[in-house]
Amino acid sequence: GGCIKWNHSCQTTTLKCCGKCVVCYCHTPWGTNCRCDRTRLFCTED
């Protein structure tokens with residue numbers, strides 16, 4: 001269980017980011033420096 005908090009580092013294969021709309025975003029083309037710091041477009045927290 002558990003989830004990764006906003007702006008904490010993440011890997012797309014492990015725990016999900018906290019919040020339904022929050023996604024793990026990698027800041028380099030080769031898939032490193034990934035953080036839970038993006039939200040899905042047109043997504044609302046329910």
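Placement of Cβ uses the backbone N, Cα and C atoms for every residue, glycine included.
Here is what Swiss-Prot says about this protein:
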DISULFID  C3-C18  disulfide bond
DISULFID  C10-C24  disulfide bond
DISULFID  C17-C36  disulfide bond
DISULFID  C21-C43  disulfide bond
DISULFID  C26-C34  disulfide bond
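When the alpha carbons of C17 (disulfide bond) and C3 (disulfide bond) are compared, the span between them is 5 angstrom. Each of the disulfide-bonded residues C10, C17, C24, C26 was scored by the other Cβ atoms within 10 Å of its Cβ; the lowest score goes to C26. Same-chain residues at least 6 positions away in sequence with a Cβ under 8 Å from that of C43 (disulfide bond) are, in sequence order, K20, C21. Between the CA atoms of C10 (disulfide bond) and C34 (disulfide bond) there is a gap of 5 Å, rounded to the nearest whole number. When the disulfide-bonded residues C3, C24, C26 are compared by Cα distance to C36 (disulfide bond), the shortest distance belongs to C24.
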